[in-house]
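The structure appears right after this line, and notes come after that.
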Amino acid sequence: CHGEPLVLTSQSDQLTSPRFGEGQSYRNNLLCEWILLGDPGEVFRISFNSFMLEQSPTCQFDSLTIVDVFDFEELLNDNDTNTDTNVGYTNNTDTNVGYTNNTDTNYSFPPVRCGEEEFRCGIEKCIDWSKVCDHTEDCADGSDEMICPSSRECGLPAILPIESRVVGGREAIRGAWPWTVSVLDSHRQTHMCGAALVAPQWAISAAHCFTREYNRDYTGYSVRAGRHDLKIADRNEQTVRIAEVISRRDYVEQWSLNDLALIRFKDPLVLTDYVRPVCLPSAPVTAGSQCYLTGWGETLNSCCPDVLKQALLPVINNTVCAGANYYGTRFREHMFCAGYPDGGTDACSGDSGGPLVCPADSSTDDQGPRHWEVQGVTSWGLLCGAAQKPGVYTAVHDYIRWIQQTIALHSQ
């Protein structure tokens, strides 16, 4: 606060406004600047234990700003790992000096770095992946048991679906697929993509649904759950704003590689008979599995526009999908395809990001499977419904660890 920024390189420290320890106001027209330096890959954590600034609608009086010193973008994403961070405080008013900047700022680096075979508990502890979802909370915050394929609360609809063996899409029973949700765009609040609810505050979808937002601003986007007909309001529906979308960093749009994204809501959904999460897969999907695609898209050979539809699709062997008559080299690792050799029923426009769910196990009763797992996220395809061009899905099981770790770290 004396004309030169204070450079801090220690592992942890405290920053306070002038006169904070004396319980007095800071002086007028004050500019304080701190620079935090760390090695590449280190993460800064800044906690505000006591905070009071002179309030103004647009922060034209007093403000505290945290920026990246290289491009001066607000450093609000914990995925950023630049080596320098600038913390600045400005007092631009000479009135109302009774306000005090009671800022006690701590910053620290994570004490440990986790290996590839370790799960990160917050920023304080690493545990072996074998301890994740072992029915014992090894992390203090319970994040290692937060989202597990074997959960008894997932994948179980209160309203049983009709498991039609008829080739072709049909209208779903209202509420039978309670994890299928609609992503609404930021402009008209109309259906843009599908998604699958995996936790009260999280859904899984396709990364390509969100590529047009280069600044990662999804504040205008919403997720609607419990709606059956896109054009008719439903007393069972819930709509929540999207807080953030976390896409795979290795997503390659041109090849649809790693086409997967997690959606975090600003507020959790209330679980009801019409809004329930689906299970993550406990094992990879196998060829020949009879699975169901659900969505509001223009599914070929289906009925009834604007209502939630379902279609029975068999999973095709990967060798067949990678064959020259199908997709050849366009078909890559971490994908699988589902459909019929002669075409017909297929995922089409509007189904992107939606779930392909399969029975969790072979144990069924007369009323159908007990639990359902989201094995696929609708990714891409050619010539909707054409022969030897089935829909291609992102293989969710291949990303289980990423899903669990990402949800744990972003639920703090």
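Any Cβ shown, glycine's included, is placed from N, Cα and C.
Feature annotation from TrEMBL assigns compositional bias 'Polar residues' to 8-17.
When other Cβ atoms within 10 Å of the Cβ of CYS126 (disulfide bond) are tallied across all protein chains shown, the result is 17. Sequence annotations record features per position, and here TrEMBL assigns disulfide bond to CYS114-CYS126 (among others).
Secondary structure at CYS121 (disulfide bond), as computed by DSSP, is strand. Packing around CYS121 (disulfide bond) is summarised by its Cβ count: 22 other Cβ atoms lie within 10 angstroms of its Cβ, all protein chains included. Sequence annotations record features per position, and here TrEMBL assigns disulfide bond to CYS121-CYS139 (among others).
In sequence order, VAL132, CYS133, LEU280, GLN404 are the residues of the chain that are 6 or more apart from CYS148 (disulfide bond) and have a CB within less than 8 Å of its CB. The disulfide bond annotation in TrEMBL covers CYS133-CYS148 (among others).
According to TrEMBL, the domain 'CUB' annotation covers 1-68.
The domain 'Peptidase S1' annotation in TrEMBL covers 166-408.
What TrEMBL records for 1-20 is region 'Disordered'.
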How many other Cβ atoms sit within 10 Å of the Cβ of CYS114 (disulfide bond)?
17
Mapped DSSP class for CYS126 (disulfide bond), helix or strand or coil:
strand
